[in-house]
């Protein structure tokens, strides 16, 4: 109930989460322990079980999201009332966001460059704790409870989650560690990685694809940080932040830090770092974007991959976000953020909202004249349109010269491809050149007014 009250979690993420819990249960059993899953409101669950199980300490991750801060405060209050200690540990992030803010002299504004300077004063993050061994669990295993049916990891059917909604991404620590090791084997790739050179429409992820595993705690972000440090130490030359792999972890940290000190971070109104823009409200256009019916194959292929797999490359996210907001449709970034929150396996309060503000040029990013073209951007790295053919099979028979703009093919050519534009696949919902020019003027006007 708590999770669904603060996040709109889609079926793919639920499956990924349940797979992760099953994997955790399996790994704990091998160590002589087990995972007990208790369903219900956390306050009533704690009240029921503190005395029943003689609980003396409750441990939780320290998080920056307002709803987790509120939960921690309530648990501390319960601890005082019921007599248990509360231990809150920084483990989901590399650093304590509050320490970074204190070194910065309080709350934001905080640029990424300034942020890196503050981190240099802090030094490297804490080394990850050692892996737990079997003996750590001998004294804490609750007798007979592991066999109790009502403490098992729920099945999708128990939570009324559609069973046909399965992503090719599999949840859990075991899968996450395998992916980590697979990437770290190629030390040359790790050392030379630069984010802008990765390919958004490659048929396999051209980045690490580890974000879903960090998001749900299947992988330690500190483990990754220090494994990267070891590879960098053995390399004569390696890429640096902001474009390196460690730089990507620090971007994640940057958004956590700013979010922790910014009221209403996931909203426009009442958000002190966000431009206040009169976005259009258009439910039909929003729906067409969400359901891959924009008529621009590159954008529709991205939104199809998102719906089917729960993951898309960061540059594909940029293209889809720019199209919805300042590029073409002029619809609020909040609407796009909600769609990503529902569909992404790695959906995250701070990073999701931060990136949507960035791509809509509402905060952080000020080169708003740079608009992603929904035709040329994808064509640059995949001129044959393999990505479009995979995710929009209705267009797969079009020659490469038409695959990004099928409406420019003649009627005869469309018949040969087995797809009539306007009938089997929609015409473009906007004239990109016209609307992007118009939106550019609107954005210029908004920024000038608010800066003045």
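From the backbone N, Cα and C atoms, a Cβ is placed for every residue, glycine too.
Note that the structure is predicted; figures quoted are calculated from it, not measured.
As given in TrEMBL:
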BINDING   207-211, 248-255, 346-348  FAD binding site
DOMAIN    1-94  domain 'Photolyase/cryptochrome alpha/beta'
SITE      279  site 'Electron transfer via tryptophanyl radical'
SITE      333  site 'Electron transfer via tryptophanyl radical'
SITE      356  site 'Electron transfer via tryptophanyl radical'
| task | From the recorded sites 279, 333, 356, pick the residue whose C-alpha lies nearest to the C-alpha of residue 207 (FAD binding site). | result | 356
| request: Check the Cα-Cα distances from residue 209 (FAD binding site) to the recorded sites 279, 333, 356 and tell me which is shortest. | output: 356
| Count of other CB atoms lying within 10 Å of the CB belonging to residue 333 (site 'Electron transfer via tryptophanyl radical') | 26
| field | Predicted model, mean pLDDT over the domain 'Photolyase/cryptochrome alpha/beta' (1-94) | value | 91
| task | Could you measure between residue 333 (site 'Electron transfer via tryptophanyl radical') and residue 255 (FAD binding site) for me? Cα positions, answer in whole angstrom. | result | 16
| query | Over all shown protein chains, what is the count of other CB atoms within 10 A of the CB belonging to residue 356 (site 'Electron transfer via tryptophanyl radical')? | reply | 26
| field | Cβ atoms near residue 279 (site 'Electron transfer via tryptophanyl radical') (within 10 Å, other residues, all chains) | value | 19
| request: Would you kindly give the Cα-Cα distance separating residue 279 (site 'Electron transfer via tryptophanyl radical') and residue 255 (FAD binding site), rounded to the nearest Å? | output: 24
| For residue 249 (FAD binding site), nearby residues of its own chain (Cβ under 8 Å, 6 or more apart in sequence) | 94, 221, 224, 225, 228
| Per DSSP, what is the residue tally for the domain 'Photolyase/cryptochrome alpha/beta' (1-94) in helix, strand and coil? | 53 helix, 10 strand, 31 coil
